[in-house]
Every structure is written in structure tokens, then in C-alpha cells.
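Among the features that Swiss-Prot reports, active site, cysteine persulfide intermediate is placed at 220, with the record citing similarity to another entry. Feature annotation from Swiss-Prot assigns heme c 1 binding site to 70, 73, 74, 108; the stated evidence is similarity to another entry. Per Swiss-Prot, the feature heme c 2 binding site maps to 171, 174, 175, 220. Summarising the annotation, Swiss-Prot assigns substrate binding site to 216. Positions annotated as domain 'Cytochrome c' by Swiss-Prot: 50-135. Annotated signal peptide per Swiss-Prot: 1-23, in sequence order, evidence recorded as sequence analysis.
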């Protein structure tokens with residue numbers, strides 16, 4: 001098992017070169033490619049994959065008052081969860097609600113494993129990342145068959161187009177109107193064309209952090225100076241569902257490697 005504390009040592013030892021040593025590229029995609037190649041050359045593995053390995057170990061580790069692990073229900077290494085992420089967010093009968101990856105894991109940990117005060121920390125995100133990798137290579141195929149799924153999708157669509165805050169911005173302004181154009185050091189993704197939901201959770205080399213889609217949503221709200229929705233809240237689930245549905249047909253490849 002590769003320990004998470006090992007990462008800062010490795011990253012700091014990349015030939016004395018920081019993650020920003022590569023000059024700002026005219027093509028942001030080329031910069032991502034070179035950063036990726038640099039890390040693979042010096043470390044032999046990408047940080048996101050290290051976190052996913054850690055997540056697998058935690059997936060099989062008992063925790064909480066019930067003395068159960070995630071694998072107690074979902075099989076060793078999550079063999080019964082293969083392909084599950086490709087259909088998320090979705091409606092869950094035991095919750096009588098629609099849940100994204102993060103919210104579903106939190107619910108399982110609390111209800112079935114007896115874990116109290118679940119936090120959206122690095123350990124939690126490592127588990128989420130590992131679960132997502134179990135759908136790698138599969139097509140995103142979120143459906144809207146249950147009434148609550150359709151309702152949540154519509155809420156997500158409304159949030160997507162809602163102009164908010166002093167900057168009067170919306171998700172759509174950045175990712176529809178100006179999608180494909182460059183802002184600062186990165187290119188704004190287009191939801192449908194870029195199938196954005198297929199590469200989250202992802203490792204962000206710009207801040208050396210592992211992010212789930214919920215973190216990405218919160219980051220966007222912060223950038224437009226609007227108080228972000230809390231983790232595990234319905235706006236998070238609604239926006240995640242909207243993006244996942246619009247990403248249908250895209251091939252899942254997590255953890256992503258992004259700026």
C-alpha cells in the first residue's frame with residue numbers, strides 16, 4: 001500500500017522542479033500533458049492513483065460501531081460495485097432520495113457501518129475515488145426513470161442557468177456560452193462536448209489536492225464569489241445529476257488529472 005504521507009516527499013523531490021516549473025503553455029491541454037509526464041517520470045505513478053489505492057485499502061477496512069467495512073456489503077475490493085458509478089447520481093429506495101457518489105457513501109457509512117460525524121476529508125474522498133475507478137472504461141449512462149430523478153435533474157438544470165451573485169454569473173455562462181475558451185490558465189470545459197462528469201473525482205496539480213465533483217462545484221461558486229452549497233446538500237446532487245446526464249455516452253476515466 002502506498003501511504004498518503006509519501007506524496008509530499010515525492011512531489012517535493014521531483015528533481016527540484018515544482019509542479020509549476022513548466023512554463024505557462026499557450027495550449028493548457030499541452031501543459032496538463034507535460035505535468036502528467038513529469039510526475040510519471042519522477043514518481044512512476046500519478047498522485048490520484050495513489051489516493052485511489054489508499055481508498056481501496058480503506059474500502060476493505062472495518063470502521064464504525066457496526067464493525068463493518070464497505071466490502072462487507074459490496075464484496076472484496078467492491079466487486080459488486082463495478083459499473084455503479086456509471087449510473088450515478090440516481091434514486092435509492094432505502095434512502096427514498098436521489099444521491100450522488102459522495103452522499104451515497106456518507107449514507108452507507110452512517111446507516112450500515114455505524115460511522116458517526118462523516119467528514120468530507122481526504123480519507124473520504126479517497127474511498128469515493130476508488131469506487132469511481134470501478135467504472136473506468138465504461139460509458140456514463142445516467143437515467144431519469146424515477147420521478148425523483150427527473151425532479152432533481154430539473155432542479156440541477158435551473159441551478160445551471162441561474163445567474164447569481166454580484167458578478168451575475170451562472171454555470172451556463174462559463175461552460176456553455178464561453179465553453180472552450182480560455183480563462184486565466186485553463187480552458188473552460190463544455191459539459192456535453194467534454195463529458196465533464198467522466199473524469200471526476202480528479203487530482204488537481206495546481207493545488208496538489210484530490211477533489212470530487214462536489215469540491216469542483218464548490219470551487220466554481222467560490223470563483224464567482226457566491227457562498228457554495230454544503231457538501232451532501234441537494235444543490236450539489238442536483239448539479240451533479242445535471243452534468244452526469246449531459247455527459248451520457250462519455251467514457252469514464254478516473255481519477256482525472258486536471259489543473
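Here the Cβ of each residue, glycine as well, is placed from N, Cα and C on the backbone.
Positions of the features from Swiss-Prot, shown on the structure.
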residue : record                 : DSSP (3 states)
70      : heme c 1 binding site  : helix
108     : heme c 1 binding site  : helix
171     : heme c 2 binding site  : helix
216     : substrate binding site : helix
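Fewest other C-beta atoms within 10 angstroms, among the binding-site residues 70, 171, are seen around 171.
Rounded to a whole value, the Cα-Cα separation of residue 216 (substrate binding site) and residue 74 (heme c 1 binding site) is 27 Å. Least packed by the Cβ count within 10 Å, out of the recorded positions 73, 108, 174, 220, is 73.
Among the recorded positions listed (171, 174, 175, 220), 220 has its Cα nearest to the Cα of residue 74 (heme c 1 binding site).
A separation of roughly 37 Å, to the nearest angstrom, links the Cα atoms of residue 171 (heme c 2 binding site) and residue 73 (heme c 1 binding site). Note on proximity: among 174, 175, 220, the recorded positions of the record, the Cα nearest residue 70 (heme c 1 binding site) is that of 220. The residues of the domain 'Cytochrome c' (50-135), classed with DSSP into helix (H, G, I), strand (E, B) and coil, number 47 helix, 8 strand, 31 coil. In sequence order, 188, 189, 190, 191, 196 constitute the residues six or more apart from residue 175 (heme c 2 binding site) in its chain with CB-CB distances below 8 Å.
The shortest Cα-Cα distance between residue 220 (active site, cysteine persulfide intermediate) and any of the binding-site residues 73, 108, 174 is the one to 174.
A distance of 34 Å separates the Cα atom of residue 108 (heme c 1 binding site) from that of residue 174 (heme c 2 binding site).
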